[in-house]
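Taken from TrEMBL as is:
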TRANSMEM  20-38  transmembrane segment
TRANSMEM  83-99  transmembrane segment
TRANSMEM  106-129  transmembrane segment
TRANSMEM  149-168  transmembrane segment
Amino acid sequence: MKNIKKIYKVFEVHKVNEVIHYLLIILLAVIARLVPHAPNFAPIGGLALFSGANFKNKIALLIPLSAMFISDIFLGFHKTVPYVYVSFIIIALIGGLIKNNKWQSLALASLVSSVLFFLITNFGVWVSFNMYSKTIDGLIQSYAMGLPFFRNTILSDLFYSFSFFYGYRFLPNLKKIIIHL
């Protein structure tokens, strides 16, 4: 019995619940990324922003990067992975700057995140592949070719940012509703 009490103290219930929340969030993001969707309409940008705003630094970075890594196991890794992952690290750090939960702050942070993701990842395409000449014109061409995907990046970052932020706020109410059923 004493051993069980020791184990219980080590794994405090609230800590276990936190870990379960983190794992569920990662699982949702992985599933959303693996389910067929429009190009660049993915949850990780919104998840990174949400994680940065709501969790401690290491966890804030670990959640979106874990979701990316797990889903990349199935989708495949590519030469621009470092640029993509760095983008999400920066987006999580931007999330840490969100001091209030006003929709305007969230929308602005989401749009800034989309722009940074576009700039960093298309730069990565330009650097990593021989599709474009290694000149300013080639870089501009890389950005121009990425524009059709940018619309979906903006839409998905807005959609998933608001979904994660407001969905997470709704969870305690959902728990109360389920208990009263």
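For all residues, glycine too, the Cβ spot is worked out from N, Cα and C.
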Positions on the same chain near the transmembrane segment (106-129), where near means CB under 8 A and six or more residues out:
45-46, 48-49, 79-80, 82-84, 86-88, 90-91, 94-95, 97-98, 138-139, 142-143, 145-146, 150, 153-154, 157-158, 161-162, 165
Intrachain neighbours beyond the transmembrane segment (149-168), with Cβ under 8 angstroms and 6 or more residues off its ends:
25, 32, 38-43, 45-47, 49-50, 53-54, 101, 103, 106-107, 109-111, 113-114, 117-118
